[in-house]
Amino acid sequence: MDQIIVQILNGLDKGSAYALIALGLTLIFGTLGVVNFAHGALFMLGSFCAVILSRILSASHKVVDPDRTDFLGNPLEVDVFYVQDWFGEAAGAAIMEWAVPLAILFSIPVMIGVGFAMERGLIKHFYKRPHADQILVTFGLAIVLQEIIKYFFGANPIQTPAPDAFRGSLDFGVFLGYDPLTIMYPYWRLVYFFFSALIIAGVFAFLQFTTFGMVVRAGMADRETVGLLGIDIDKRFTFMFGLAAAVAGVAGVMYAPIVAPNYHMGMDFLVLSFVVVVVGGMGSLPGAVAAGFLLGILESFASMPTVVDVLPGINQIIIYLVAIVILLTRPRGLMGRKGVMED
Amino acid sequence: MAILSVKGVNKRFGGLQALGDVNLDVAENTCHAIIGPNGAGKSTLLNVLVGKLIPDSGSVVFDGQSVLGRKPHEINQMGISRVFQTPEIFADLTVMENMLIPCFAKRDGAFRLHAFEAVRRESDMIERAEAMLDEVNMLDKREMTASSMSRGDKRRLEMAMCLVQEPRLLLLDEPTAGMARADTENTIELLKTIRRDRGLTMAIIEHDMNVVFSLAERITVLAQGTPLVEDTPENIKGHPKVREAYLGEAQV
Amino acid sequence: MTDQSHSTAPLSVQQAATRNAPLARPRAGRGVLGLTRRDATLMLVVTVLVVFAPFILNPFPETSALAQFNAGYPDLMQRFVIFGIFAIGFNILFGLTGYLSFGHAAFLGVGSYAAIWSMKLITLNVIPGILFAIIVAGLFSLVVGFISLRRSGIYFSILTLAFAQMSYALAYSVLTPITGGETGLQIKNTDTPLFGGPESGIGRANLFGAEMGNSTELELGNWLFTFNLGYYIAGAALLLAFYLSIRIFRSPFGIMLRAVKSNQQRMNYTGLMPKRYTLSAFVISGMFAGLAGGLMVAMDTQVGPERMFWTASGEVVIMTILGGAGTLLGPVLGAGFIKYMENIISKINKDILHQWFAFLPDGMEDVMVAVVYPFIGKGWHLTLGIMFMLVVIFLPGGLVEGGQRIAAKFRRNKTQD
């Protein structure tokens with residue numbers, strides 16, 4: 001039993017990331033009808049927002065400390081961080097430590113900007129072209145984006161730690177009456193899960209309760225009719241692209257402490273996220289979220305030693321296997337609508 | 001002698017009885033029109049005939065063989081060709097290539113790995129396609145890309161693609177829907193010529209009474225999924241029941 | 001493409017036009033090898049390019065500063081033609097039917113594994129190895145294609161991707177006894193093939209005793225040309241693949257494949273089975289991939305699972321589209337172009353750039369180097385990504401279409417003069 005709980009918990013954070021990326025993919029697909037292969041790159045850009053902000057915050061200048069000398073007896077040069085100059089020693093240190101959460105604020109405008117630019121500059125011209133062309137051009141864009149990041153940040157992963165307060169693990173089992181140390185769960189992963197749940201709930205609430213969201217949902221159901229009502233759906237869809245980019249971005253920011261950002265992380269996630277979207281049902285938001293968590297948890301169950309002993313290698317292929325089975329038995333995915341992408 | 005005979009066909013979609021106990025005989029060498037108001041089940045019936053839908057009960061026999069449960073390509077190979085409401089052609093291919101495909105389908109069956117023969121060496125097929133194009137007056141367009149033609153030309157190409165297969169029965173689904181007047185007249189003329197010269201059996205589903213009365217030799221009126229009357233055009237014109245089901249609706 | 005006639009003219013006018021027009025019918029000439037003269041010319045050009053590649057790709061003398069742009073090295077030339085074969089095969093599927101497979105590297109990988117096992121167990125002769133590679137890849141693509149082709153559009157792409165990633169993951173882990181896992185497979189001196197073992201050191205693939213690595217060198221002044229047996233065998237395979245591809249493009253089967261892309265509904269109602277045609281194209285392209293995989297092993301007797309990773313599948317997609325999907329020459333061009341960038345452009349470093357721009361004033365030199373550097377050397381992927389995007393946006397027919405447009409422009413200018 002405790003093993004099962006551990007695996008569910010382990011699946012949650014990966015599932016959260018899948019769900020967030022799949023949610024963004026589905027928003028773009030459902031509203032704009034565009035298959036965006038660059039969505040993983042947006043996730044990656046988000047991660048690098050965390051890197052960039054923590055670099056900015058730890059900008060420093062050299063000051064000669066008159067009280068200290070190095071081993072040759074010369075006065076010692078020490079790095080002094082600007083934030084500490086401005087906000088004082090303790091506050092400055094805290095700001096630097098909380099770079100990752102702060103990066104969320106930083107990333108939202110950046111990612112919305114990137115999203116707008118992408119939609120206006122590129123995607124707009126591909127609404128009428130075949131899906132294969134959309135896949136190809138966004139695939140090209142993904143390569144370009146990740147190469148730009150590689151040029152500036154190199155090919156190696158960049159460690160981006162979470163604040164000290166969230167290091168270490170929560171003894172989760174104790175709450176359920178298990179002995180201490182049976183079920184340990186890192187704090188940050190818990191944070192990530194709740195954060196994702198919050199974002200997902202936020203997006204759903206936004207679509208459900210605002211007029212804007214209502215129009216967008218109507219547009220997802222029937223684009224032409226909404227256009228006929230005299231509503232400028234295009235502008236709203238541009239905004240949706242920005243929103244989807246921001247969702248991918250913050251998902252990336254918060255994931256930075258879990259997997260050190262590297263330039264190809266977007267592609268790694270994208271392949272799986274597409275599988276998630278297809279399993280959930282192309283164009284279905286609840287489907288995307290449900291499939292994200294489902295596959296994340298399934299994947300971690302498949303990695304249990306007892307399972308791997310019986311079915312070696314199952315952990316590596318479980319997601320693809322599920323995708324193949326679902327696509328062949330339920331062609332529209334778990335919650336897909338009729339007539340979406342069926343030609 | 002009926003070439004196509006539909007007996008007791010029923011089809012439900014959920015709570016909707018789309019076809020209720022349909023009996024219909026299409027005699028060889030006639031043009032049989034199926035008319036009826038919107039939602040009368042004309043399209044459903046057509047889809048049953050070509051194998052796209054499987055009815056809940058009843059039988060459809062073409063030339064002594066049951067059609068039910070066969071796939072569209074098998075039904076075509078039995079000798080039934082279909083013309084669609086909007087012309088279904090190979091838009092990216094040239095007119096000649098469009099014509100060659102049914103020629104090959106007729107000769108080689110549903111599939112053949114003729115990957116090593118050169119198209120230009122298939123002189124029999126090319127001659128056949130050209131003769132057919134000539135018959136519909138499109139020979140001068142043979143190298144045009146199909147998508148760049150007018151709707152009327154697309155319709156004629158589709159018709160030619162069906163005819164070159166020498167079908168025993170040609171099904172037409174509102175062949176003049178959405179056409180300009182000139183194109184409609186052309187299409188009627190073309191169909192008349194085909195009917196006259198080839199003695200081809202046709203079943204036509206149509207809204208436009210002008211088309212129906214200039215072509216059909218036999219008319220079945222469908223209403224709410226059931227055949228109401230079947231008779232000659234002259235008798236249908238004045239039939240009170242038809243007036244009620246069809247024209248009566250128009251007055252509302 | 002002509003689009004003169006959007007006419008709704010009455011029948012009689014068109015009738016008159018037809019009757020008067022002479023029957024412009026391009027008569028089938030006898031041609032060579034069953035090809036039209038135009039295709040035969042194309043075949044001849046490609047043959048000349050392949051045969052004389054060691055000269056053509058080595059235009060700069062060894063001592064010149066431009067020698068680094070020479071690409072006439074055996075292993076690089078082998079890669080050109082092998083990836084050319086891979087892309088030609090992919091093009092038969094994607095270019096004609098429009099089905100975008102994102103998992104074709106799996107067939108190449110499976111072919112490689114088959115070939116190396118043939119060499120380990122049967123003989124170091126490359127012929128059986130390559131044949132096995134084609135057969136095994138063909139069977140594997142039959143299974144994958146049969147399942148994946150039950151769906152179309154993006155679902156098909158995802159299914160092929162899923163199969164390829166599964167193959168990769170399995171080759172990497174569970175199937176280690178067959179695939180050698182992460183380290184892959186090599187021919188070792190402990191291997192004992194049925195016919196003739198590796199006598200000394202690492203076994204080398206051969207063709208009836210002649211080793212793939214055998215080369216003859218020709219020195220002409222400052223030029224050095226290398227003629228490698230392996231390259232010529234792979235080159236012969238490319239010519240065969242190219243020839244087959246022309247025949248397929250010009251066959252009734254080829255028209256059927258384009259019909260699949262155009263309108264499957266009409267195919268069904270014309271008495272045809274589009275699925276079966278697409279599956280045939282899928283298997284044929286899988287066999288081409290297998291041939292490429294087998295040749296890779298013949299040239300360099302080793303194989304690892306990374307050959308099947310999805311980025312490798314993405315690469316062949318890029319090659320085909322960059323060169324021109326649906327054209328005969330496009331895939332070969334695209335493959336050559338990308339492999340050239342990967343191996344030659346990527347080697348250019350900052351020092352070399354400084355040499356190039358040395359003629360500029362110092363400040364300008366630094367600026368130019370700073371501007372150019374991100375796009376070459378290690379940044380060649382960036383250039384590739386940008387080019388790929390530009391092609392998808394502006395030149396759906398790829399480099400081939402670009403060439404045709406330029407040629408057409410020149411021709412027009414000439415007639416105006």
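Positions of Cβ are set from backbone N, Cα and C atoms, glycine also.
On a predicted model such as this, the values are computed, not experimentally measured, just so you know.
Among the features that TrEMBL reports, region 'Disordered' is placed at C:1-22.
Look at TrEMBL and you will find C:1-18 tagged as compositional bias 'Polar residues'.
Residues 31-33, 66-67, 69-72, 76-77, 80-81, 223-228, 231, 235, 238-239, 242-243, 246, 328-329, 332 of the same chain, all 6+ positions outside the transmembrane segment (C:40-60), place their C-beta atoms under 8 angstroms from a C-beta of that stretch. Taken from TrEMBL, the feature transmembrane segment covers C:40-60 (among others).
Residues or ranges marked as transmembrane segment in TrEMBL: C:80-102 (among others). Long-range Cβ contacts of the transmembrane segment (C:80-102) within its own chain (Cβ-Cβ under 8 Å, at least 6 residues beyond either end) map to 50, 53, 71, 108, 148-149, 152, 156-158, 160-161, 164, 231, 234-235, 237-238, 241-242, 245, 248-249, 254, 257-258, 260-261, 277-278, 281-282, 284-289, 291-292, 295-296, 299, 310, 313-314, 316-317, 319-320, 323, 325-327, 330-332, 334-336, 338-340.
Sequence-distant contacts of the transmembrane segment (C:122-147) (same chain, at least 6 residues past either end, Cβ-Cβ under 8 Å): 103, 106-108, 110-116, 159-160, 163, 187, 193-196, 198, 203-208, 212, 233, 237, 278-279, 282-283, 285-287, 289-291, 293-295, 297-298. The transmembrane segment feature in TrEMBL is assigned to C:122-147 (among others).
TrEMBL lists C:154-175 (among others) with the feature transmembrane segment.
As annotated by TrEMBL, transmembrane segment applies to C:229-249 (among others).
The transmembrane segment feature in TrEMBL is assigned to C:277-296 (among others).
For C:316-335 (among others), the entry in TrEMBL reads transmembrane segment.
TrEMBL lists C:356-376 (among others) with the feature transmembrane segment.
Per TrEMBL, the feature transmembrane segment maps to C:382-402 (among others).
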What same-chain residues lie close to the transmembrane segment (C:277-296): Cβ under 8 Å, and 6 or more beyond its ends?
78, 82-83, 85-86, 88-93, 96-97, 99, 101, 104-105, 107-115, 126, 129-138, 140-142, 144-146, 148-149, 233-234, 237, 241, 248, 253, 256-257, 259-260, 267, 303, 307
Counting only CB pairs under 8 A, let me know which of C:229-249, C:316-335, C:356-376 has the most with the transmembrane segment (C:382-402).
C:316-335
Other than its close neighbours in sequence, what residues sit by the transmembrane segment (C:316-335), given a CB gap under 8 Å and a spacing of at least six beyond its ends?
39, 42, 46, 80, 83-84, 86-88, 90-91, 94-96, 100, 102, 104-105, 238, 242, 245-246, 249, 384, 387-388, 391-392, 396-401
